[in-house]
Amino acid sequence: MSGSYDDSVGVEVSSDSFWEVGNYKRTVKRIDDGHRLCNDLMNCIHERARIEKVYAQQLTEWAKRWKQLVEKGPQYGTVERAWCAFMSEAEKVSELHLEVKGSLMNEDFEKIKNWQKEAFHKQMMGGFKETKEAEDGFRKAQKPWAKKLKEVEAAKKAYHAACKEEKLAVSRETNSKADPALNPEQLKKLQDKVERSKQDVLKTKEKYEKSLKELDNATPQYMENMEQVFEQCQQFEEKRLRFFREVLLEVQKHLDLSNLASYKNIYRELEQNIKTADAVEDLRWFRANQGPGMSMNWPQFEEWSADLNRTLSRREKKKASDGVTLTGINQTGDQVSQPNKHSSSLSVQSNTVQSVQSSYNPFEDEEDTGSTVSEKEDNKIKNVSSYEKNQSYPTDWSDEESNNPFSSTDANGDTNPFDEDTSPAMEVRVRALYDYEGQEQDELSFKAGDELTKMENEDEQGWCKGRLDNGQVGLYPANYVEPIQ
């Protein structure tokens, strides 16, 4: 590597040493590199914080979706609670990762930003004040020595030229002695030329040695001044290096969740919930609530009475009317204790009752009192699980039933039994904010910045239906995109 100096034009750098003229610029450049490294470290922390945020969001979405699946699925009892403990773990870990994101951005990122602002001061004409001060310091320290070095180089050049001229004159004189045609006057001139060249060699050599001695005398002061400026640059760089080490240690503490008591408690609690799963207890619960342990109104002999005849007459009269009203329908067993939650009042036309019987069980649990048969059928389609815990099974099983999610048509993958009925909406162009990799066959995959078409609005679980530009249609998280203005 070679450098140059304004007051020493023509001086050639003979080595890569720091002491060579202009080679201090590497030390000065380190100041500018320090400012850029602060930006790089902030960008590094910002990207990690964004990853922590996305991971936390994905954990929350995963926990919400699977919590619904497990709660509405067939699993029950202590194993169900153990399974749901994984979703609780995900929600708590999501909160911790959001705290990590906040610490990285609000503490570490801001700390570097403020330190950079205090350590580096921009000038009106560009560059940094610290860089200019170091540059000027090295120039001032190197200028006297560089000037003497320039004189040494000039003296050396003159001496070498005199030596060359002397050798040439001696050679001509020697050759002339062997030439008989050369007259004595010409020979005298050649001899005078040799004598003058020898005198020039002595003069230039003396001047060269003198300038070199002066350079040697100026070297200690030059080294001292350069060392002083270099040490100032070292101290400035030492502050940056120590600051980076301090910040990196703080980042490590924020990222290391293994030392957090709350993080350890999450998995200690998860382990306890899993260990509390008891197969015997679950089987006992199922026997009592879904098996032989359930109460039963066994048929008993009833005497005929006039009051019973009047009740039967009223029932027959209701059957003959246009509409049938079923009220106060209660299931026995576990559901009897909560008649308000599971009782419903259904009003349907008599000519539709038989068509509904194969696909709808009026004794099935309902979330909202007063829902109609059509609403119940819609809710059955919207089930996030393959079938509900308290699903009532018809006497005759058939794949031809219209509401069977396991029918042969669905089994071929033509339709998705988990798709929700959402009202159609106008198609809107949206842009992806984050990368998303589809977890199911009916989910889309895209990269941040990709554009796609939203076909249906967000559902209760936070999913939208859309179409990629290649024609693929599927689901995606609603909060992963934004409308294109």
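Cβ atoms are placed via backbone N, Cα and C, with glycine included.
Straight from TrEMBL, the features:
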DOMAIN    11-282  domain 'F-BAR'
COILED    187-218  coiled coil
REGION    313-424  region 'Disordered'
COMPBIAS  327-342  compositional bias 'Polar residues'
COMPBIAS  343-359  compositional bias 'Low complexity'
COMPBIAS  382-395  compositional bias 'Polar residues'
COMPBIAS  403-415  compositional bias 'Polar residues'
DOMAIN    425-485  domain 'SH3'
Next item on the list: Take the coiled coil (187-218) and find every residue of the same chain, 6 or more past its ends, with a Cβ under 8 Å from one of its Cβ atoms.
Entry: 144-145, 148-149, 151-152, 154-156, 158-159, 161-163, 165-166, 168-170, 172-173, 176-177
Next item on the list: By DSSP assignment, list the helix, strand and coil residue numbers for the domain 'SH3' (425-485), in that order.
Entry: 3 helix, 30 strand, 28 coil
Item checked: pLDDT averaged over every residue in the domain 'F-BAR' (11-282) -> 90
